[in-house]
Amino acid sequence: MWLILLLLSGLSELGGLSQSQTEGTREKLHVQVTVPEKIRSVTSNGYETQVTYNLKIEGKTYTLDLMQKPFLPPNFRVYSYDNAGIMRSLEQKFQNICYFQGYIEGYPNSMVIVSTCTGLRGFLQFGNVSYGIEPLESSSGFEHVIYQVEPEKGGALLYAEKDIDLRDSQYKIRSIKPQRIVSHYLEIHIVVEKQMFEHIGADTAIVTQKIFQLIGLANAIFAPFNLTVILSSLEFWMDENKILTTGDANKLLYRFLKWKQSYLVLRPHDMAFLLVYRNTTDYVGATYQGKMCDKNYAGGVALHPKAVTLESLAIILVQLLSLSMGLAYDDVNKCQCGVPVCVMNPEAPHSSGVRAFSNCSMEDFSKFITSQSSHCLQNQPRLQPSYKMAVCGNGEVEEDEICDCGKKGCAEMPPPCCNPDTCKLSDGSECSSGICCNSCKLKRKGEVCRLAQDECDVTEYCNGTSEVCEDFFVQNGHPCDNRKWICINGTCQSGEQQCQDLFGIDAGFGSSECFWELNSKSDISGSCGISAGGYKECPPNDRMCGKIICKYQSENILKLRSATVIYANISGHVCVSLEYPQGHNESQKMWVRDGTVCGSNKVCQNQKCVADTFLGYDCNLEKCNHHGVCNNKKNCHCDPTYLPPDCKRMKDSYPGGSIDSGNKERAEPIPVRPYIASAYRSKSPRWPFFLIIPFYVVILVLIGMLVKVYSQRMKWRMDDFSSEEQFESESESKD
């Protein structure tokens, strides 16, 4: 069987030092403080590409020679989920310039893997000894702690015969012919489940750093294969796990692969790994042997028991990756590697020091890499910066070079726009190549550099400052072709077009009767995939997503190279499908493409009909005011005459675009004075209350004074009146 289970007995006895280890384990190890001394450095474009350190360990000075080894792509992302369960990309910036690997001078069988982003952090291995090194965070200087990692000798790894292909006892070591050196690249997506996240740091920065250490060590071990493991993306399940993580390893692997098929479609990767924490476990991992490039089986789970060191976990990850490439475990009596313990030795996770691949593993890899099963390792992702130092005049355009035609080539045909002596732009040149460069000058802003290819694409424009014409397209999930299909990565994922691409213009997308009839057979004519046991049965809900079934309306016999064409007459229609040999590089053409509509709000994904919510389409008509569509950055790409960002304002001469387009209009200045004047005219003045109080006090005082004056005058009048009456009375009495 292809399923590999790693059974580890006595694993709880395995010790080592890492931040996540138990205190009991720490007490066994000697920790010392050292100050690394940088003695040499080579830079390119302002960044170190080679560096040498002197490092004192237990009173002896060792010299570390290091070379830059990047493994992060430019679009590397770390994902998590918010409280609503919606996946988000964490806003963290990661440097791809500070990951190094190398060796210790004077020790041929040595290996150094460190990050220099914030001090030195990583592993040193020579002989059968391993050391860990980390910056001393409380130190104001460049002090580091260094410690010897000494895993105790626990029980050996055991393998059940029913689960693993052991190396044939009659295996013969054959000489390997020298081959042309070819670089290979494996892109992996790693998922860290909740308990694992909490165990190794419970902080996104700390956990990310530890995963980087795993990948760095894996790359150093895979160096003899000329294989670079690229961490394409990382995912944390911090609040809750997305699948059940209990149970044995093979069931967990099945659940993870099922989840992967539905939720990792738009995150580029060749393999996906789930890292799970367990207090104790019999198994340390599971994967499918030789299935690295089969998208249905390209995955693995690694179980991290409590006492396992980070270094041992890296060895487990390397063994799982090796098994998925078809490598077998070593027969220790027949396989040698020049160091005490080989990588594919069952005891490798228990050991310290350098572990290398044996001659048996080298031959296994040679067989794998020359087979059709290794096709996913042939593509070369862009890694920046390059660890190779640029040399002007060697005929190769390297990092930070505009041109390099070599001494002879430059003499015969001098390069335009470029100075061959410096490999930089020549005087007066603004650019040298690219769609937005013309005769060494940048094209003007707003000039079309790429027309829309179909309704799922958008037209791009030069921005006047770069020679690059960025590629944008309509957001995945947007309806197309009269709302029958949806857009996927800039193309209308039309079933009609799929059939015409295969069988010509006389073909069309098959009827539902054709799909239901043929994809229910689970044979060469129709199925939902191929597994180790043969053709996979299509459940009723998934039959529109299995083999691509087309209707054919021509009398000409179809002939496709390397493929078998199957005909069927169903309900009066000629239905056709095809079959490629297993492992053929065009075998994916015989399946319905991912993203093809298979029902209301459903699309095909890995031969299953699933809800389309994973596409994340969230662009309604109101967002762009019915005058635009959302692009792949979720910004409105407006129709002609409508201006971004929301397609509300109009300008007759504007051809359409988004805030990402090179023809973005400059924002018009806001009419400040009219706005302020209008604001004051439309509102009555609001005097502060404390300014009104004195006014009222004065009024009240004046009123009081008036009342008092009035009262006094009235009193005077009354007194005068009384005096007159008294005078008159006295006069009358005299008379």
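Each residue, glycine too, has its Cβ placed from N, Cα and C.
For Cys337, the disulfide partner named by Swiss-Prot among Cys335, Cys342 is Cys342. Of the listed cysteines (Cys360, Cys376, Cys392), only Cys376 is recorded by Swiss-Prot as the disulfide partner of Cys293.
Within the set Cys619, Cys630, Cys636, Swiss-Prot assigns Cys636 as the partner of Cys624, by disulphide bond. Of the cysteines listed (Cys619, Cys638), Swiss-Prot assigns Cys619 as the disulfide partner of Cys630.
Here the domain 'EGF-like' (615-648) has Cβ contacts under 8 Å with residues 87, 266, 458, 472-478, 486, 490, 595, 603, 654-661, 664-665 of the same chain, all six or more residues outside its ends.
For Cys636 (disulfide bond) paired with Cys342 (disulfide bond), the C-alpha to C-alpha distance reads 56 Å.
Around the Cβ of Asn226 (N-linked glycosylation site), the number of neighbouring Cβ atoms within 10 Å comes to 13.
Rounded to a whole number, the C-alpha distance linking Asn359 (N-linked glycosylation site) with Cys335 (disulfide bond) is 6 angstrom. Closest by Cα distance to Cys469 (disulfide bond), from the recorded positions Cys293, Cys342, Cys360, Asn569, Cys638, is Cys638. Remark: of the glycosylation sites Asn128, Asn359, Asn463, Asn569, the most isolated position is Asn569 (fewest other Cβ atoms within 10 Å of its Cβ). Contacts of Cys647 (disulfide bond) defined by a Cβ separation under 8 A and a same-chain sequence distance of 6+ are given as Cys624, Asn625, His626, His627, Gly628, Cys636, Cys638, Asp639, in order along the sequence. Within the same chain, residues at least six positions away from Asn279 (N-linked glycosylation site) with a Cβ under 8 Å of its Cβ are Pro305, Lys306.
Counting residues of the domain 'EGF-like' (615-648) by DSSP class, helix then strand then coil, yields 1 helix, 8 strand, 25 coil.
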